[in-house]
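Heads up: the structure comes next, in structure tokens.
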Amino acid sequence: MGRFEGEFAARAEELVGLYPERRSAVLPLCHLAQEQDGWLTPEAIRHIAELVGQTPAEVQGAASFYDMLHLEPVGRYVVGICTNIACLLRDGDRLLEAAEELLGVGVGGTTPDGLITLEEVECVAHCDKAPAVQVNYRYFGPVTPTSFEELVGQLRRGELDGEVPPHGVLSRVRRAAPPPIPLDEIDAERARQDAERAERARQAESGS
Amino acid sequence: MSAPSIVGARLGYEDSYTLERFLATDGDAGLRRALLELTPEQVHAEVLEANLLGRGGAGFEAGRKWSMLRKAPRRYLVVNGDESEPATFKDHLLVERDPHQLVEGATIAAYAIGASVAFIYLRGEFALGLERVQQAINDAYARGALGRNIFGSGFSLDIVLQPGAGAYICGEETALLESLEGKRGFPRIKPPYFPAVIGLYGAPTIVNNVETVSNLPWIVRHGGAAFRALGAGRSTGTRIFALSGSVRRPGAFEVEMTSVTFRELIYGDAYGQGLEPDRELRAFIPGGVSSPWLFPEHLDLPLGQDEVAKAGSMLGSGSIIVMDDGDCPVRAAWRIARFFARESCGQCTPCREGGTWIEQVLRRLELGYGREEDLDLLLDACDNISPGVTWPPAQTTICVLGPSIPPSVVAAIRRFRDVFLTHIKEERCPYD
């Protein structure tokens with residue numbers, strides 16, 4: 001595991017092709033690696049570096065900057081509880097305490113069965129449903145300690161599997177567009193149109 | 001009288017995000033008019049006429065930003081959908097509930113500025129938003145509203161959806177571009193002040209917010225003058241205000257700018273419906289947590305950019321956080337400081353170190369281990385990040401993340417010194 005294989009390899013190649021510069025594919029490829037393996041393995045970082053023409057250190061440097069990229073294994077579900085201002089004003093911090101108590105792990109910890117990793121997250125833009133919880137970036141709210149316990153039960157029993165995919169799967173909708181338009185071609189087309197417009201403007205001016 | 005709904009027109013429908021609903025409710029009409037009836041210059045002129053202020057936070061005129069675009073063969077449009085300012089959730093709503101409008105607006109903007117490739121950079125945590133925007137992009141390609149020769153107009157455009165990966169700073173436009181180039185999201189040193197001069201891959205780039213571009217289909221359809229007829233002064237059109245915190249009905253409300261006051265928004269039956277019984281308003285934050293706090297005496301200010309600026313704060317992202325007399329202002333200031341301390345990219349010492357120390361001192365105070373001299377210490381640290389702690393803030397840093405720390409801390413200390421002193425004297429939080 002780590003290197004992109006099968007369908008993932010094809011998607012990695014497609015992602016790189018979307019950008020005028022390969023390096024731009026770093027974050028999408030990191031997400032893709034997490035979708036494949038659940039977390040960002042050192043092997044995946046080396047592979048991504050190869051794909052985008054960077055050093056592994058550069059990819060690791062970028063990856064370590066972002067909260068959603070996990071450089072260590074995480075549970076099947078990453079559960080994030082928001083305690084930022086809007087949620088704090090609606091007892092998000094107490095919800096976090098209750099969650100730690102219930103799961104028996106602190107922030108950053110993973111339950112012994114490998115099912116849930118608990119995180120304290122900054123504002124997740126779900127403030128009208130505060131306090132908000134995200135499970136693999138699917139949103140729930142408002143959540144009370146009681147409804148949180150129910151949520152965990154549902155996750156344990158696999159009842160939310162249709163709604164919440166395993167960690168790393170950000171979007172289940174893939175790009176179905178034709179391959180990107182070759183940029184040089186499109187630049188030339190644009191230059192031609194610009195020239196045409198300028199010419200029309202010039203004619204309109206000399207005509208009036 | 002209620003104002004016309006512009007960006008939020010479809011939000012009342014349960015299926016507002018579907019292509020069917022989009023096409024049944026004037027979908028594509030703005031794009032067709034722009035591409036088939038207007039030149040890029042005419043679209044630009046309508047946006048200038050509308051005086052559309054950017055909806056991301058800084059409130060700079062979108063049309064004027066476009067005017068700064070350096071002419072070069074290759075230009076880019078980047079839509080900033082990295083919404084992460086605490087208590088701001090209007091873009092989240094727009095990407096999830098009306099993704100087609102976003103794609104339509106982005107296409108119009110790209111046409112106006114002459115970009116052939118556009119990127120929609122969406123906050124990575126918006127998983128549902130990513131699914132729906134990608135679906136909207138796929139649908140647009142399928143019906144010829146994206147790709148080569150859109151609607152036979154000769155205009156071609158590719159839109160790439162880019163997921164962020166969890167970093168608040170990537171909402172800052174130059175940090176967003178760095179991130180889009182596959183690097184850490186470090187804000188770029190200014191000048192140049194605008195990516196319109198040097199942006200993505202060194203090419204001229206326009207970065208516009210999700211709500212900003214979502215306004216374009218309406219503006220093109222109805223004309224800039226119709227948009228300008230709404231609101232007053234520089235604050236034209238409507239805005240989505242995101243109300244949260246200690247109100248009975250938190251939510252997002254689209255209102256005509258300047259037509260509603262904070263009092264109406266917080267207490268009005270159609271909006272926030274007031275506070276819980278027996279609670280009184282203590283303070284509210286008018287435009288996301290980087291803005292200075294306002295107090296009950298400011299309730300009658302209208303929701304307009306200049307009106308709020310005159311009161312010494314900013315409308316920013318239009319996100320209003322309400323605190324009542326049961327909420328501890330020390331805890332609120334601490335939590336806001338901790339947010340910035342955690343999200344500092346670490347490039348500038350005043351922000352990285354200052355933010356961290358302010359957070360720790362506030363935490364100590366909140367827990368009841370404070371000393372009276374801590375208050376001066378905090379003000380001094382704030383002064384080192386933003387000299388003079390004035391508004392708008394002076395800055396010692398590359399971007400405004402650092403100077404966003406002092407407003408809350410200073411507002412809390414200046415206004416609620418007695419609460420701080422109670423924490424110190426009683427050695428605990430009186431609201432626990």
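Each residue's number is its place along the chain shown, starting with 1.
Each Cβ is built from the backbone N, Cα and C atoms, and glycine gets one as well.
TrEMBL has this to say about the protein:
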- A:CYS82, A:CYS87, A:CYS123, A:CYS127: [2Fe-2S] cluster binding site (BINDING)
- A:188-208: compositional bias 'Basic and acidic residues' (COMPBIAS)
- A:172-208: region 'Disordered' (REGION)
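Using a Cβ-Cβ cut-off of under 8 Å to chain B, the binding-site residues A:CYS82, A:CYS87, A:CYS127 reduce to A:CYS127. The Cβ of A:CYS82 ([2Fe-2S] cluster binding site) lies under 8 Å from the Cβ of A:GLY92, A:GLU120, A:VAL121, A:GLU122, A:CYS123, A:VAL124, A:HIS126, A:ALA130, A:PRO131, A:ALA132, A:VAL133, A:GLN134, each on the same chain and at least six residues away in sequence.
Using a 10 Å Cβ-Cβ cutoff, A:CYS123 ([2Fe-2S] cluster binding site) registers 30 neighbours.
The 10 Å shell around the Cβ of A:CYS87 ([2Fe-2S] cluster binding site) contains 33 further Cβ atoms across the protein chains shown. Annotation for A:CYS127 ([2Fe-2S] cluster binding site): same-chain Cβ neighbours under 8 Å, separated by at least 6 residues, are A:ALA86, A:CYS87. Mapped onto DSSP helix, strand and coil, the compositional bias 'Basic and acidic residues' (A:188-208) counts 20 helix, 0 strand, 1 coil. Secondary structure at A:CYS127 ([2Fe-2S] cluster binding site), taken from DSSP and collapsed to helix, strand or coil, is helix.
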